[in-house]
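Taking it in order: structure first as structure tokens, then the write-up.
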Amino acid sequence: MGKQNSKLRPEVLQDLRENTEFTDHELQEWYKGFLKDCPTGHLTVEEFKKIYANFFPYGDASKFAEHVFRTFDTNGDGTIDFREFIIALSVTSRGKLEQKLKWAFSMYDLDGNGYISRGEMLEIVQAIYKMVSSVMKMPEDESTPEKRTDKIFKQMDTNNDGKLSLEEFIKGAKSDPSIVRLLQCDPSSTSQF
């Protein structure tokens, strides 16, 4: 009986096959693990923050985890179901650079208006610094979240309107691998793209 519940139904599997980069076997394995960790089939923000904290034991990942959670929770119901989880995981782990950048843009665009303001960028950068600053030495021109935000805006805000469009964000990130690494919160990777 329990085994039947831990397998994806054929129509769900078909949907996920079409919307992710995972194989049927990988989807089934992820689903089993998801149900093991989330028996209700839904992940709350508090549960998500606890899981996320395991990946960043030397920093405070809670604020950044809230932003990631919001971006995973595409229907805005305050929980992440398996479909939301696996689609976001597919984009962030196996998606093409452009997909990852669109996903990152949606995380940085806190109010969903299609632009990233300086304040929105600063909020995310502050969350990243809280998470990694104890284990990462930042260059002098990025030693504070404010300096990092200013540097990003100088590089990306090509029309100087004080906000970043999706186009500016993607173009700017693609032209600076260090920004791509920061946006993906993967400071250890040096030549991912």
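Each residue, glycine too, has its Cβ placed from N, Cα and C.
So that you can see what the record holds, here are the features copied from Swiss-Prot:
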type	residues	note
BINDING	D73, N75, D77, T79, E84	Ca(2+) 1 binding site
BINDING	D109, D111, N113, Y115, E120	Ca(2+) 2 binding site
BINDING	D157, N159, D161, K163, E168	Ca(2+) 3 binding site
DOMAIN	41-58	domain 'EF-hand 1'
DOMAIN	60-95	domain 'EF-hand 2'
DOMAIN	96-131	domain 'EF-hand 3'
DOMAIN	144-179	domain 'EF-hand 4'
LIPID	G2	N-myristoyl glycine
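Structure with Swiss-Prot features highlighted.
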{"residue": "D73", "record": "Ca(2+) 1 binding site", "Cβ contacts under 8 Å, 6 or more apart": "T79, I80, E84"}
{"residue": "N75", "record": "Ca(2+) 1 binding site", "Cβ contacts under 8 Å, 6 or more apart": "E84"}
{"residue": "D77", "record": "Ca(2+) 1 binding site", "Cβ contacts under 8 Å, 6 or more apart": "none"}
{"residue": "D109", "record": "Ca(2+) 2 binding site", "Cβ contacts under 8 Å, 6 or more apart": "Y115, I116, E120"}
{"residue": "D111", "record": "Ca(2+) 2 binding site", "Cβ contacts under 8 Å, 6 or more apart": "E120"}
{"residue": "D157", "record": "Ca(2+) 3 binding site", "Cβ contacts under 8 Å, 6 or more apart": "K163, L164, E168"}
{"residue": "D161", "record": "Ca(2+) 3 binding site", "Cβ contacts under 8 Å, 6 or more apart": "none"}
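Long-range Cβ neighbours of N113 (Ca(2+) 2 binding site) (same chain, at least 6 residues apart, Cβ-Cβ under 8 Å): none. Across the domain 'EF-hand 2' (60-95), DSSP classifies residues as 24 helix, 3 strand, 9 coil. Counting every protein chain shown, the Cβ of T79 (Ca(2+) 1 binding site) has 19 other Cβ atoms within 10 Å. The DSSP breakdown of the domain 'EF-hand 3' (96-131) into helical (H, G, I), extended (E, B) and coil residues amounts to 26 helix, 3 strand, 7 coil. Within 8 Å of the Cβ centroid of the Ca(2+) 1 site, not counting the listed residues D73, N75, D77, T79, E84, the chain contributes H42, F72, T74, G76, G78, I80, D81.
What surrounds the Ca(2+) 2 site, by Cβ distance within 8 Å of the Cβ centroid and not counting D109, D111, N113, Y115, E120, is the set Y108, L110, G112, G114, I116, S117, K163 from the same chain. With a cut-off of 8 Å between CB atoms and residues at least 6 apart in sequence, the same chain places E168 near N159 (Ca(2+) 3 binding site), listed in sequence order.
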